[in-house]
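Novice: First the structure, which I've put down as structure tokens, then a few questions once you've had a look.
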Amino acid sequence: MINYLFTITTWLIIISYWFIIIIVTCRILSKRRAISSSAAWLLVIYIIPFIGICTWFLLEEPYLGTRKLKLIKSVWSKKNKHFNNLKSHNYIFENNNSEVARSLFKLCKYRQGISGIKFNKLKLLKNTKDVIKNLVRDIYLAKNTIEIVFYIWKPGGLADNVAIALIQSAKRGIKCRLMLDSAGSLEFFRSKWVDMMQQSGIQIVEALKINLLHFFFRRMDLRQHRKFILIDNYITYIGSMNLVDPYLFKKSLGIGQWIDLMTRIEGPISTTMGAIYSCDWEVETGQQISPKRVKNNLIIPTYPIKECTSIVQVIASGPGFTEDMIHQALLTAIYSAQQKLTMTTPYLVPSDDLLRAICTAAQRGVEVILIIPKSHDSLLVKWASRVFFSELLESGVKIYQFKKGLLHSKSVLVDKQLSLIGTVNLDMRSLWLNFEITLVIDDKNFGKSLAIIHNEYISHSSLLDPKLWKIRSYWKKIIEKLFYFLSPLL
């Protein structure tokens, strides 16, 4: 009898095991994902079934939640009213783009429903101290609203200057809203600043809040990765910088300070940023804070028109927003390059399509430069990035490894004319998962400024020698091959 029960139990376990394997396999194959990503998941599931299946359900199957995804789509679609209102001020729109930017701006127009916007004054800020100094000044000068979203806010050092300025502005009647990612800003939410800010009247939202219940129903690595500040619906700061002191942040890793890049904008493009912020805020709180109807005095610039040479688009990406938009934008920008393409990213784990586009650009005579950090804060990303070096080098891509800290800026410059700056890394997480934001800028003067910064990065970098790369140690090649299978999962 015991043997019979044992046999039945064994067969039930075996049948259940293969049933689950088959179900998960069918689910993986039914999703519209890159072949490399599907193959990587299947490999993990068949080699280490229990761990592989559990990891799949935790990282892939629970996405954002059907209910919340529908909410985002619904709220974002309502913002079309704001864009329609903006269209009544037709003199701020510009459809006559430069040749290299034309395809990308057409893509943005037809997929997002709005043309490029002119009359914007842009300034690149490459030093965190300068960013904080300018930001604190603008916060003190705010007249109506201050709206902030960051992935990481780490108290201490320069970050506290912003906190103090916010509190003082709130006390004088400025409406202040602060939205921070729950995981990235965990230290902030455990600090004294939360109570101090709330007591002064600042509204604080913990975005994509982490708790035990969500662990089973939503991806924990899906994060609010946007980083921008909107003041009076007219001034915007946007870029790669988290609200941290670069001299203190992750100091124990011994990789030096973080090097970021931000853009300060004055002009009507900020009204688009306001629509994006109000969407994120409403999704998290249920509170509608849609930007007020745009008036002429908010559109007409207060600075000389001759300074407004930039045509700007904004791409908001993430679950519920325009599907695959940032991936398509990057591909379009790369394929538009005719002379020179420079890209900076801290994390290089591109999709197959992006890798092919970058290599093809180099093979058709475009000078392609990739600037990445030599030291990483993530061992996984470090090895995963190296997987792609051989193919890039063989195609003629120049890879520079930045040595003076962790280069965290995310930028693309095409033919010194078309620029992309924002929060998107060249990795799967930024391209397909996180909530991100990117500026698209058609402006030769801005391109020149960005090129100068890129050259400064290069001056503090070492050029990877293709010959030396080929003769690297055998054990390194083995580790890289192992990470090749895991790279689509990162």
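Numbering starts at 1 and runs along the chain as it is shown here.
Placed from the backbone N, Cα and C atoms, the Cβ positions cover glycine too.
What Swiss-Prot records for this protein is below:
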- His225: active site (ACT_SITE)
- Lys227: active site (ACT_SITE)
- Asp232: active site (ACT_SITE)
- His408: active site (ACT_SITE)
- Lys410: active site (ACT_SITE)
- Asp415: active site (ACT_SITE)
- 220-247: domain 'PLD phosphodiesterase 1' (DOMAIN)
- 403-430: domain 'PLD phosphodiesterase 2' (DOMAIN)
- 4-24: transmembrane segment (TRANSMEM)
- 39-59: transmembrane segment (TRANSMEM)
Novice: Spatially, and counting Cα to Cα, which of the active-site residues is closest to Asp232 (active site)? Options: His225, Lys410, Asp415.
Specialist: His225
Novice: What mean pLDDT score does the domain 'PLD phosphodiesterase 2' (403-430) have in the model?
Specialist: 95
Novice: Around the Cβ of Asp232 (active site), how many other Cβ atoms lie within 10 Å? Please give the count over every shown protein chain.
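Specialist: Looking across every protein chain shown, the total is 17.
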Novice: Could you tell me the C-alpha distance between Lys410 (active site) and His225 (active site) in angstrom, no decimals?
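Specialist: Their Cα atoms are separated by 13 Å.
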Novice: Calculate the distance in Å between the alpha carbons (Cα) of Asp415 (active site) and His408 (active site), and round it to a whole number.
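Specialist: About 22 Å separate the Cα atoms of these two residues.
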Novice: Using DSSP, what is the helix/strand/coil residue split across the domain 'PLD phosphodiesterase 2' (403-430)?
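Specialist: The domain 'PLD phosphodiesterase 2' (403-430) comes out at 3 helix, 13 strand, 12 coil.
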Novice: Specify the secondary structure state of His225 (active site) as given by DSSP, simplified to three classes.
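Specialist: Going by the DSSP assignment, His225 (active site) belongs to neither helix nor strand, so it counts as coil.
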